[in-house]
Amino acid sequence: MTVYLSFSDLRKAKQQPDAETETEGAADGADGADTSAGAPGGISPTVRVASARVSSVVIALGIVSMFTDISSEATAAILPLYITGVIGLSTVAYGFIDGLYQGVSAIVRIAAGYAADRGDQPKWVAMFGYGISAIARVGLLFASGFAALTAVVVVDRLGKGARTAPRDALIAASSEPSSLGRSFGVHRMLDTVGAAVGPLLAFVILLFIPDGYTTVFVVSLAFAVLGVIVLGIFVPNKRPRAERAAGDGRPAPFRWKHLGDPRLTRLLLVAALFGSVTIGDGFVYLVLQSRGAFAAEWFPLFYVGTNIAFLALAVPFGRLSDRFGSARIFVIGHVALLGTYVLAAIPVSGALITIACLVLLGAFYAATDGILAALASQCTPVAARASGIAAAQTVVAVTRLIASVGFGLLWYTIGRTEAVMVVAVILAVLIPIAAWLLLGAKGRSTGGPPHDDVPAAVVAADATSDSPPLHDEGRAEPAE
Amino acid sequence: MTPRLKWTIVVVAAIVLLGGSLAYAISAFLRFQAVASTAGERSGPPLTAIEPGQIVFRSTDPGTEYGHVASVPIGAPGAARAVAELTCDRVDASAALVSCLRTQRGIVTRFEWQVLDERFDARWEAPLPGVPSRTRVADDSSYWASTAFVTGHTYATVGFSTATVIVGADGTEYGNLEDFAFTVNGDSVTSVDRNFWGVTFVPGTDGFFATAAAGGRTWLVRGDLGDRTLVAIHDAVECPSLSPDGERIAFKKPVGEAPTKTWTIAVLDLATGEEVVLPESRNVDDQVEWLDDETIVYGLPRAAAGDSDVWAIAADGGGEPELLIEHAWSPSVVR
């Protein structure tokens, strides 16, 4: 039932409403079928021919993320100014708000992944996450004082924790396995466009209206609500498990043992190893900033620079991952991270080094953020996909948090440049180990091109469970 | 739902939501323009030079003078204010120098630090890594210092962190205080969350005082620019301010624990270690300033966002706070 559309097809769909009216009466989203903009008949099914098409569902989810990120990043960018300059709270309180959210976010993420699998309703769990973040924006209009602001920020971040894994599961469910990397790349590109536009929009508003914080919050609310509406209307309620059941007649309920797949275990291990040497971007920026006048002057632009590199490279890396395997690209992304550390640590400063460093950091995100979700979905049966993605993302989030604290210690004990060097050396040692774990000996291939042969061990494992063969899972039933 | 209906709903929603936001933004812009173009009621002649005997401050009077540096005579704080061209978020002045921290609004907001002479001619400048917090010029004009919050662009990627930098009038840049050797009871402190802020200089020396924080505790530290050391000398002191006679430190004293932490004003006698908490019940989040050896002045926010007043209180704890200058912030007494 799934029809894959490219960007141009989506545009065409907009311009040809008449053609689409033929789909009236087509199954509604609620019954598990995909009613994305061009159902069969509306647009020539030949659009499926190329395997590298990206589903309109993925594009719709990307647009939802873009609006939501414009909303959240516009607020986040001005929040320090607002808290210290307008509400008159100190930044100590601000740091507290930040720390508070970190802890709860991980638990929410796992719970949301589980809820999405258990109920087989990823869309509605994601909707809940986007929805409560939008409601938090309403709170921002009325919040004054510390307690109110804390509540708003926590609710917003809980929403973010809740929506990520179910949304990524929807992306996986809406994509051809052979173009999964590209789908995630397109999604992350749109998402990052929002992250880059949001702060700029906020600062433009403040440029014209210096006391216009409320205006920023109003605009932010509008984008958040629009995102939720697009999600509600354009994203079908894919029910991966029900679809499978319809396909082969075997129901495949969620089982915890689905998460015991050795490939997922290896992926989680690698994610933990890498996460534990991924220091916060803030630290990288601080090292750069302390090194020269150029970097100090452009410090506030670092975040934007990294995002531009991320959004420009997300799709190319996604395509490469479809071609050469997501595991390979995931490892290569960490080589880019290694390059970031080395450039940050070498005692040479200058505009070029700074820019190269930011580009590599953006490349790291482009090659790992969406790719991790793609890998996790390739390593988990359909029935447990959101949980698998949530597990991988949580492992990364938690280990990165620990890494940042540990790195902070190192930073003050041995000095900033030395600390970065130490982390770079550990990362350099970990990269071949991770490569061996993910790509190593035959039969252990994790997240290789999904159309590869299914490893024997996995087939054997599958034979004993009620889950379908792993490599089919992302593919919807043959059209027609 | 047909695709046409879906698109209609989304397009209508987009027009309503984004159009509504735009309308709100335009009305906010017009409102701001109307207020900003009204001349302040309290302004007098232009301020062209800093002189001893002035209180220099940031005017928060809504109107054309908002954000500008202004001054009133120490003896007549209620008089019409002289307003300068210069705009600052935080300002401090000595007889020969003005230190000004500023938010440079733009597509990407940046922060800068400028030091000018007494006639407002630029003398030195540097970018700041984040939101301006404190600035001080030594009364003898030999050093200047600033503190900025270093915040990431997401919800504080690096958490709370300050960058405090000291520069000498001879051009020597002493760098961030984090690179100074910091000791508490003789033990070197190298913990993760080390932070320093709120410098106050000891005129005629290479010494200064500042706040140090680590592991949830704060200290008053005595710093030395000669050997680049910071030594903790007292607990729970934030944003110190040395009295003109050099004998006492006025500071904001933490009350309660984070996140509901607030501050009140206290005065520490450096010779005896005796502390007097002043009868100011409101939350004072400012680096206070000495009007003279008996009186302390400080800013307090008003209900209207972005506006504030400067208050005065007796340093010995023997009197209630009094409103000194309306619509003002960041007071600095020029000696």
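Heads up, the Cβ atoms here are built off N, Cα and C, so glycines get one too.
Under the heading region 'Disordered', TrEMBL lists A:13-40, A:448-480. Residues or ranges marked as compositional bias 'Low complexity' by TrEMBL: A:26-38. Summarising the annotation, TrEMBL assigns transmembrane segment to A:50-67, A:79-97, A:134-155, A:189-209, A:215-235, A:267-288, A:300-317, A:329-346, A:352-376, A:388-414, A:420-439. The domain 'Major facilitator superfamily (MFS) profile' feature in TrEMBL is assigned to A:55-443. Residues or ranges marked as compositional bias 'Basic and acidic residues' in TrEMBL: A:469-480.
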Checking distant contacts: for the transmembrane segment (A:329-346), what same-chain residues at least six beyond its ends satisfy Cβ-Cβ under 8 A?
181, 270, 274, 278, 284, 287-288, 317, 320-321, 353, 356-357, 360-361, 363-368, 371-372, 375, 417, 420-421, 423-424, 427-428, 430-431, 434-435, 438-439, 447
How about the transmembrane segment (A:215-235) and the transmembrane segment (A:352-376): at least 3 CB pairs under 8 Å, pairs 6 or more apart in sequence, or not?
no
By a Cβ-Cβ criterion of under 8 Å, what residues six or more beyond either terminus of the transmembrane segment (A:352-376) are in contact with it?
168, 171-172, 180-181, 183-185, 187-188, 192, 264, 267, 271, 274, 281, 284, 288, 292, 294-295, 298, 302, 305-314, 316-318, 321, 326-327, 329-330, 332-334, 336-337, 339-340, 343-344, 346, 385, 388-389, 391-393, 396, 446-447
When you scan the chain for residues with a C-beta under 8 Å from the transmembrane segment (A:189-209), skipping those not six or more beyond its ends, what do you find?
59, 62-63, 65-78, 81, 215-216, 219-220, 303-304, 307-308, 310-312, 314-315, 365
So which of A:300-317, A:388-414, A:420-439 is most in touch with the transmembrane segment (A:267-288), counting Cβ pairs under 8 Å?
A:388-414
Residues of the parent chain within Cβ reach of the transmembrane segment (A:300-317), under 8 Å, 6 or more residues beyond its termini:
181-182, 185-186, 188-189, 192-193, 195-196, 199-200, 281, 285, 288-289, 329, 333, 355, 358-363, 365-367, 369-371
